[in-house]
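Structure first, commentary second.
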Amino acid sequence: MDKYAVIGHPIGHSKSPRIHALFAGQTGQDMAYEAVFAPLDGFADTVRRLVAEGYRGFNVTVPFKGEAFKLADALTDRARCAGAVNTLKVQDDGTLLGENTDGAGLVTDLVNNLGVAIAGRDLVVLGAGGAVRGVLAPLLALGPASLHIANRTGARAEQLARDFADLGPVTGGDLDSLMGRQAHVLINGTSAGLDDEVPPLPDDLLHADGGCYDMMYGDRPTAFLRWAAAHGAAWTADGLGMLVEQAAESFALWRGVRPQTGPVIQILRPVQP
């Protein structure tokens with residue numbers, strides 16, 4: 001039986017073991033998948049130990065995606081562009097291939113599951129950290145009219161925009177740069193929503209048919225999605241679908257078969273009162 005794991009700090013909250021168990025059952029794959037806690041200064045040692053124990057691949061979560069990028073012996077184009085790795089595959093010669101499936105997971109959830117149009121639309125993304133960097137290239141590949149990155153520290157958003165300027169019409173700025181803008185699609189890539197707080201956003205930020213997507217997820221609507229509902233969002237979604245879709249990309253890389261994600265999302269989706 002092949003063994004896989006998700007590595008993080010913390011890791012107890014992870015839904016990945018259940019997701020991959022459902023994928024394995026659905027596709028008839030003989031594999032085990034577990035959550036592994038790594039010390040903040042012990043990611044590389046943890047990976048090496050697990051590889052020595054015969055593990056075939058890993059998902060990587062906060063805060064180790066940058067370290068995984070450095071540890072990988074080879075990188076896919078998506079990982080290189082994102083500057084971060086959330087999936088490692090142990091190749092036949094024992095070397096590590098680094099991949100980033102976050103952006104593909106977001107785009108698949110938005111376009112295929114939710115039916116959101118991106119081409120020719122105005123996008124606003126909140127945040128300028130690793131989570132946002134990982135999704136910019138796949139979003140720009142869909143041909144939005146504009147993509148504006150807004151962050152509390154405007155310089156970080158501006159630098160991120162410069163890094164991706166060759167891929168499409170992307171700009172960056174601080175939260176004040178949102179004044180006068182209207183978004184067809186507003187994406188929260190910060191963790192603020194988990195802390196029951198939302199960055200100060202203009203009341204008229206959403207276009208009349210604009211919707212909101214939170215890359216975070218929880219058993220109840222995040223603070224960001226509550227803001228969205230209060231400000232007339234035409235649709236809202238949290239990041240559960242993105243989580244399942246990026247997991248399916250990882251699973252396909254490891255096992256050579258792509259699972260069906262819809263049934264898994266339905267199983268994991270909590271019933272709202």
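We count from 1, first residue shown onward.
Any Cβ shown, glycine's included, is placed from N, Cα and C.
Record features (Swiss-Prot):
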BINDING   S14, K15, S16, T61, N86, D102, Y217  shikimate binding site
ACT_SITE  K65  active site, proton acceptor
BINDING   D77, G127, A128, G129, G130, A131, N151, R152, T153, G154, A155, R156, M215, G239  NADP(+) binding site
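Shown on the structure are the features that Swiss-Prot records.
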residue : record                       : Cβ neighbours (10 Å)
S14     : shikimate binding site       : 19
K15     : shikimate binding site       : 16
S16     : shikimate binding site       : 22
K65     : active site, proton acceptor : 25
D77     : NADP(+) binding site         : 10
A128    : NADP(+) binding site         : 25
G130    : NADP(+) binding site         : 19
N151    : NADP(+) binding site         : 25
A155    : NADP(+) binding site         : 12
M215    : NADP(+) binding site         : 28
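Fewest other C-beta atoms within 10 angstroms, among the binding-site residues N86, D102, Y217, are seen around Y217.
In this view, T61 (shikimate binding site) is surrounded by 19 other Cβ atoms within 10 Å of its Cβ, with every protein chain counted. Looking only at Cα atoms, D102 (shikimate binding site) sits nearest to K65 among the recorded positions K65, D77, N151, A155. Under DSSP, A128 (NADP(+) binding site) is assigned to coil, being neither helix nor strand in the three-state scheme.
Annotation for T153 (NADP(+) binding site): same-chain Cβ neighbours under 8 Å, separated by at least 6 residues, are A128, D174. When Cα-Cα distances from T61 (shikimate binding site) are compared across the binding-site residues D77, N151, M215, the shortest belongs to M215.
Proximity to G130 (NADP(+) binding site), defined by a C-alpha to C-alpha distance within 10 angstroms, is shown by none of the binding-site residues S14, K15, S16, Y217. In sequence order, V6, N59, L243, Q246, A247 are the same-chain residues whose CB sits within 8 A of the CB centroid of S14, K15, S16, T61, N86, D102, Y217, the residues recorded for shikimate being left out.
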